[in-house]
C-alpha cells in the first residue's frame, strides 16, 4: 500500500475507484479477451494524461521497498494507487489465457511514472535508482518520451501474445491432378478427362471423370489408307481438354491413347499401316503441352481387366468412403465380374473361386493395398460388327449365289453389298472363287429357328482336353458371383426393353416375339432407329448364345447378370480402370501443414504491432528533436 493515507484517515477517492473496478465479469472465460485490450489501453491513457498535467510543488513521501523515501507529486501518487489496485482485477481477467500480462500490468505504470530530479529533490533521487539524467529525467520532454517508449513496450508484448494464441496446425487440401485417356475403339474414338487428389490412397488414386469428348468420324483403324486423318480428328477434343485442365498443370498431365480390337485386327492384316496410324495420332497429341506417354494397342486381356476395375471401383467394392471419414477397403464385399461386348471383340473377366490354371488368362492387380487375382480373356472377331459380318459371310458361302436369304433379318428387308465389302476383315476369309466386284443382294426371311442355328455355328463349343472352357477351346473356370454386362450387351437389350431383371424364359419369349415382326411393322414402330433396326434380332440371339453356351451361364445364374450402361452416373468402359491402374505409377504428393490463426486475434496483433512501431518512431523523433533544441 502506498504511504500517505494512514490508518483512520479517509481512503483516497482514486484508490477506492481502483479497488471497485473489476473486469472478471465483463466477458465469459471462453470468449475473446477484449477486457485485456481495454485494460491495457486504459493504463496507457492514464499515464499519458498524467504526464501532461502540471507537476505540483507539494511532494508526497512513498516508502521504498529497499528502504528510504521516494518523492512523488500528488497526481503521480494517485495514478500509482489507481493502477496498483486495478492490477489484481486485470490479472484475474487475463489468468485464463494471458498470464504474462500480470507482469506487464505492474511494470507499465512504473515505467510510465518514473520522475526525475526537481527543485524539491535536490539530490536527484529517482523512483528506482539514483540516475537523474537520461530519458527518465525530470523534464516534460523526458516524461513524454518515456511514456511513448512504455507504450511501445506494452503494445509489442500484446502483439506478441495475440500472435501466438489459438494458433493451430491445419492440413491443406491435396492438389488435384489430371489425366487424359483416348479410347480408340473399332467404331469410334472418345477422349476421357479424369482427375484425382494428389495424395492418393494406398498408392492408388481416387479418380473421377470430369468430361468425355466424342471424336467425329469412325475409329482410327478406318484411317489405314489416310493416317494423317486419324491424327487431325483428335484435335477438337484436345482443344476442349486444354480449356478444362488448368494451364499451369497441363505439362504434367499424363496423356495416353489405347487402341482396342479394331487396331488389333488392322495389325494382323497390315502391321505397317497400323504403325503409321499410331505414329500420326502420336504426332497430333505430342503437339499439345501435355505429358504424352504414348499410343499403343491394348491386349484383349488388358481391355477386359481394365473394364473389371471400372465396374468394381464405381460400385465401391474396391474402396469406399467410410463413416470414419476416410477411404477404406469394404469388408465382406464380393467383387463383380465384367462382361464387355465391343465392335470387334468380347471380354469376360471375373474372380474365380479356384486357382486359374492357364497363365495366359490369369491377371494380377494391386489396388488400394489389396491384391486381386482374376481370370480374363478376350475373343477377337466376336464383337458385334465382326460377328454380324461372319454370319453374313457364312450365309453367302452356304448359298454360293449372288442372292442371300438372311433368316435373322426381318421379312421384307433388302440390301445390297459387294463381295469386297463383305470380306474386308481378317475375321472373314474370302473363298478363292469370290469376285470382289460382284454385288450381292441380301433378303430377310425372319426365320427365328434358322437364325438361331446359324448363329450357333459361329462357335465351337467343344472343350476337348482343355478341361472347363468357354468356346473355341479356350480355358475358362466356372462363372462365379454377379456380373455387370455393358457396352453392346446393354445397347441391344436396352432397345428390346430387357435390361431390368427378367427371367431367362421371359427374355427368350421377348426376343422371339421381336424376331417374328416384319420390316414394315418395325419401321412404323421405331422410325428413329432405322440404321441398326434390321440387326437387333440377330444381335439378341447372338448375345443369348454367347452368354448361355459360350460363357456357360444357365437358368439359375442368369439372374446374376445385370445389364447396365452406367454405374454411379459414369459410363462403364476400360478407360477409367486404365487410369486407376496408371495412378499406381504416378508419385503421390504429401499434403502440407500450415499454421492458421483466428482472424480477429491476428487483426488485433497486427494493430498493436502497428501502434508499437508508430509509438517508437514518435518517441525517437521527439527525443532527437528535443535533444537538438
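Keep in mind that glycine also has a Cβ here, set from the backbone N, Cα and C atoms.
Copied over from TrEMBL, here are the features:
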ACT_SITE  303  active site, proton acceptor
BINDING   343, 344, 345, 346, 347  ATP binding site
TRANSMEM  532-551  transmembrane segment
TRANSMEM  572-590  transmembrane segment
TRANSMEM  602-626  transmembrane segment
Chain residues outside the transmembrane segment (602-626) and at least six past its termini with a C-beta under 8 angstroms from it: 37, 135, 141, 144-145, 148-149, 151-153, 155-156, 158-160, 162-163
For residue 345 (ATP binding site), nearby residues of its own chain (Cβ under 8 Å, 6 or more apart in sequence): 260, 261, 264, 300, 303, 378, 379, 380, 381, 382, 383, 386
Three-state secondary structure, residue 344 (ATP binding site) (per DSSP): coil
Residues close to ATP site centre defined by 343, 344, 345, 346, 347, Cβ within 8 Å: 186, 260, 261, 300, 303, 340, 341, 342, 378, 379, 380, 382, 383, 384, 386, 488
Other CB atoms, at most 10 A from the CB of residue 343 (ATP binding site): 22
In the chain carrying residue 346 (ATP binding site), residues 6 or more apart in sequence that have Cβ under 8 angstroms from it: 339, 340, 378, 379, 382, 383, 488, 546
Number of other Cβ atoms within 10 Å of the Cβ of residue 344 (ATP binding site) across all protein chains: 31
Structural state of residue 303 (active site, proton acceptor), classified by DSSP into three states: helix
Other CB atoms within 10 A, centred on the residue listed as 'active site, proton acceptor': 28
